[in-house]
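Read the structure below first, then the notes.
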Amino acid sequence: MSATHKMRYNLQLVLPSNTRARWAWLLLLLSNPAAVLAKCASDYFVHSLPGQPEGSVLKMHAGHIEIDSEHKGNLFFWHYQNRHIANRQRTVIWLNGGPGCSSMDGALMEVGPYRLKDDHSLVYNEGSWDEFANLLFVDQPVGTGFSYVSTDSYVHELGPMADQFIIFLDRWFKLFPEYENDDIYLAGESYAGQYIPYIAKAIVKRNEKLPANQTAWNVEGLIIGNGWIAPNEQYRSYLTYAYKEGILKESSEGAQAAEAQLSQCSSKLSEVGKFGIHIDECERVMELILDTTKINGKCLNMYDIRLDDTSDSCGMNWPPDISSVTTYLRRPDVVKALNINEDKTTGWRECSPGVGRNLRATESVPSIQLLPGLLEGGIPVLLFSGDKDLICNHVGTEDLIQNMKWSRGTGFELSPGVRAPRHDWVFEGLPAGVYQQARNLTYVKFYNASHMVPFDFPRRSRDMLDRFLGVDITTIGGDPADSRIDGLKGTITSVGAHPNSTTAEEREKEKMKIAAWQAYYKSGEIALIVVAIAATIWGFFVWRSKRREQGGEYQGIYPNLESLSSSSLSTFRSKRRGRHDIESTSRSDEAELESLYNGPEISEVLETQDGRQRELSADGSNEKASASLMVERNLR
């Protein structure tokens, strides 16, 4: 329960009639406070963010949802409502990888509506994915980012991870039922290439066993960027990519050492068979490649080969925004704004080593074995890769696609011996990448992009998203960006800067003006009515006073009650027609105006916050860096 956010409770108690039973029942409730203290949606409302830019405030909710009461397991979420609705309602759920890396990376450095100008100022992200879709960022599994759990209760396999996520979604939709019928897209990057297919499969199973009175969740697509999906192909791609990009010279001493290690890796991959997502012998291949690049205290950045980093990190200090993000998310006013539970006693960290050490998934099959069934079940999948990433490089992604069998074909076969062509993608006159598609699977390679594509190219990434989601803005107007595949524009999507210049927004502004005039007009009407009533009452008392003077009025048996002084009458007038009541009426009427942005949350904006603020841990170290790069390497 948050100490920094005033909560409302739903108390629905039915007491047994028997006295002894009532006491037993009460003791049971006291032993389980959650049985009577339930949060509602307004408890998660984010009133504002410190340092947010000027302009319309985005509608946000954030906070913790308990998924495991026995071990205090809580997942943190941050939700943004979409800015516009194109042709249907959609929700994109974003997950970062690791395992154990926070989805606040995605929220504040990639696809969220804000980015940090510095450690205290937010600016709009011109390529935010919330333009035509609701965005839900979740720190998962338990122990990741703002999420927390008892230290001995981390998840160890991908199946339990997915089960916990189903519990989270079920409870989240109970809080926010208005989104349960949305088209749902599971999106993320890196190790989320394991999370996403497992969660999708768990949702499919849930829908199959669903009682008739519950809502099926409509998973309409999976989106995985630079994903860790198929260790067999992707571990082997390290050397291939290193040779291709000139990182390592064939037959060099370093190359020979890496080749020898790759042989051990291949043997281990054969030994583990269908299992094996994290193989230490294969991780060593990457370490040897990076060792060859260490010069003068620097080494290659494995997430963006165009950059270097300190020799003990090799990319773990990247991207450059991470320092500002860490400082911002540890600020007490930000912690309060995001409704962080007081049970979360340590400060936010990008990646949790405890989660990474425990989620080794030794008994879980790689997600590549789940993708064919999902594709054949009718769920479209989009895989995209930045071509300057080494750790989850595009060569490995292309190899896993080429070897994957689904829907009576292998890879991008259109028919036996015929492969789907690659299409050139040009964005605003510049080569952006290539598209390839067949049998429900789409692949996009981004030119000159790193491990975190939306960090480098936010607007291009949203153009890709809008195409995949089937966003069509022809019905609402607007000026789309010039995005062409093989010279053709295709479906019209909008990826312009915020605020989006659409006719829908112009109509919304016009509605705001009309609502404002109506609110003020109603307030004026009510004020006139109040004045008229007050004038009538005043006239009545004047008339009675004259009657008394003329002796024509009957005197009551309690004459003192009739002797209103001029001062008391003045007080009476001020209460009936004073500024206080007129402003109260105005606020009520102007709710119509504010509801255009806030909808049902208008009452929440007026809530106050109380309680104390617990100080976060001062431990500000970047937990990703470690002495053993092989063990603590993160697939973010």
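Every residue, even glycine, has its Cβ placed from backbone N, Cα and C.
Taken from Swiss-Prot, the feature compositional bias 'Basic and acidic residues' covers 580-590.
What Swiss-Prot records for N213 (among others) is N-linked glycosylation site. The Cβ of N213 (N-linked glycosylation site) has no same-chain neighbour under 8 Å that is 6 or more residues away in sequence.
Feature annotation from Swiss-Prot assigns N-linked glycosylation site to N440 (among others); the stated evidence is sequence analysis. Counting only same-chain residues at least 6 apart in sequence, those with a Cβ under 8 Å from the Cβ of N440 (N-linked glycosylation site) are L375, E376, G378, I379, P380, V381, W406, S407.
Summarising the annotation, Swiss-Prot assigns N-linked glycosylation site to N448 (among others). Summarising the environment of N448 (N-linked glycosylation site), the number of other Cβ atoms within 10 Å of its Cβ, over all protein chains shown, is 15.
Per Swiss-Prot, the feature N-linked glycosylation site maps to N500 (among others); the stated evidence is sequence analysis.
Look at Swiss-Prot and you will find 575-636 tagged as region 'Disordered'.
Sequence annotations record features per position, and here Swiss-Prot assigns signal peptide to 1-38.
According to Swiss-Prot, the topological domain 'Lumenal' annotation covers 39-522, on the basis of sequence analysis. Across the topological domain 'Lumenal' (39-522), the prediction's mean pLDDT works out to 93.
As annotated by Swiss-Prot, topological domain 'Cytoplasmic' applies to 544-636, with the evidence given as sequence analysis.
The feature transmembrane segment is assigned by Swiss-Prot to 523-543.
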